[in-house]
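Pulled from Swiss-Prot:
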BINDING   Cys41, Cys46, Cys49, Cys79  [2Fe-2S] cluster binding site
DOMAIN    4-95  domain '2Fe-2S ferredoxin-type'
Amino acid sequence: SAVYKVKLIGPDGQENEFDVPDDQYILDAAEEAGVDLPYSCRAGACSTCAGKIEKGQVDQSDGSFLEDHHFEKGYVLTCVAYPQSDLVIHTHKEEELF
């Protein structure tokens, strides 16, 4: 399987970069890397873990909460997102969804 570099940018501009294999959810990999991210259901059925993709592609077909218009703007549920390329994601974006 492939491994991609994922950079997360938090609300205060802090950056964390770590490797994520293409069969691991970004949230799980972030926790393993010691990065503290918001989450609730861990099943893609709420919006607590939402982020916004600045660069790159994910597979988040396991999620159910976001709709097409969210995907078109780059929003991502990190708890059900597999990386499909190197990524830059801004985290803590739940309040922007509504």
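Just so you know, glycine gets a Cβ as well, placed from its N, Cα and C.
Overlay of Swiss-Prot annotations on the structure.
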residue: Cys41; record: [2Fe-2S] cluster binding site; contacts (Cβ under 8 Å, 6+ apart): Thr48, Cys79
residue: Cys46; record: [2Fe-2S] cluster binding site; contacts (Cβ under 8 Å, 6+ apart): Ser40, Phe65
residue: Cys49; record: [2Fe-2S] cluster binding site; contacts (Cβ under 8 Å, 6+ apart): Leu27, Leu37, Pro38, Tyr39, Ser40, Arg42, Leu77, Thr78, Cys79, Glu94
Residue counts (helix, strand, coil, in that order) that DSSP gives for the domain '2Fe-2S ferredoxin-type' (4-95): 18 helix, 30 strand, 44 coil
Shell of the [2Fe-2S] cluster site beyond Cys41, Cys46, Cys49, Cys79, same chain only (C-beta within 8 angstroms of their C-beta centre): Leu27, Tyr39, Ser40, Arg42, Ala43, Gly44, Ala45, Ser47, Thr48, Phe65, Leu77, Val80
Other C-beta atoms that fall within 10 angstroms of the C-beta of Cys79 ([2Fe-2S] cluster binding site): 26
